[in-house]
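A.B. asks: First, the structure itself, so that you have it in front of you.
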C-alpha cells in the first residue's frame, strides 16, 4: 500500500483547480459581453477578449499537457501568479481600483495559503500587493455611458486599497493556520492508515502460520513416528543412537512449536521481542548448535564489555 509523501501535502488537485478557472473565465466572459452589448459602455473590448482567450489556452494546456493529478507547489505558484496578472490586466483596462471586482484579486493568494507552502503564499501575497498598488494609481476609466464620467475622491480610493490589503493579510493568515492544521490531521490519518496496514499484514501472516502448522502437522508426526520406530529397532547401536535421539528430540521440539502456532499464530518469540547486546545474540546463535554438534564453542566477550543494546531482528538470527 502506498501512502502520500510529505511534498504531496503542498499541492493542488488539477481537476478542481482547472474547473475553478473555467468558472472564473465564464464569469469574466459574461461580464465583458454584458457591459459591451447590453449596457453598451465603451472600453477596450477586443483586448479584454484577447486576454481571456490566452487564459483559456493556458487552462487547456494545464488539462491536456500536464499529466500529474496533483500540481506541485512550484507549478501551482506559476499558475496562480498568472491568474493574478491576468485579472490585474482586465482590471487595469476596466477601472482599476474603482472596479467592484477588485476584491477578486486576493483570491489566488488566499487559495494558496491553505494548500501551498508558506514561500509560495508569500510570493503570491507580494505579487497581489504590487498589482493592487499599481491599480490604485494607474488604470483606464471604469466603463460608463458617454454622458457620465464615474469619479470618486482619491481618499476613498486609497481607503479601498487599505481595506483590501487588510482583508488580504487577515484571510491569508487564517488560511495558512487552517491549512497547517488540516495537513497535520492528514499526516496523522496517513500514519494511522500505515499502522493499520501493518497490523493487517501481521494478522495475515498469523493466519498463514496457523495454516502452515496445520499442514505440517501430519508429515511431522510421520517423521516422529518413524524416528521412534528406528530408535526402538536400532537403539543399541551406539553409532546411530545419538543421531536418532537428536532426531526425536528435534521432532518433538518442532511439534511443540507448531502447536503454539496453531493455538495462537500471533504469539511472539521472547528472544525477538527483546533488545539484546551483541553477546546475547552470539550466545543465542551458538545455543542452537550445541544440541546437534560435538564441537566445543569458546566465546571471548572481553572486548564486548560495553552493554550497548541492539535492535531486535529475526534476520540476524
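Each residue, glycine too, has its Cβ placed from N, Cα and C.
The model shown is predicted, which means the values in this text are computed figures rather than measured ones.
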A.B. asks: Examine the ranges 46-64, 65-83 and name the one recorded by TrEMBL as transmembrane segment.
C.D. replies: 46-64
A.B. asks: Among the residue ranges 20-39, 180-199, I'd like the one that TrEMBL describes as transmembrane segment.
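C.D. replies: Comparing 20-39, 180-199 with TrEMBL, transmembrane segment matches 20-39.
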A.B. asks: Please identify the stretch among 20-39, 46-64, 155-176 with the greatest number of Cβ pairs below 8 Å relative to the transmembrane segment (84-106).
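C.D. replies: Per the Cβ under 8 Å count, 155-176.
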A.B. asks: Taking the domain 'Signal transduction histidine kinase dimerisation/phosphoacceptor' (207-261) alone, what is its mean pLDDT?
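C.D. replies: In the predicted model, the domain 'Signal transduction histidine kinase dimerisation/phosphoacceptor' (207-261) has a mean pLDDT of 76.
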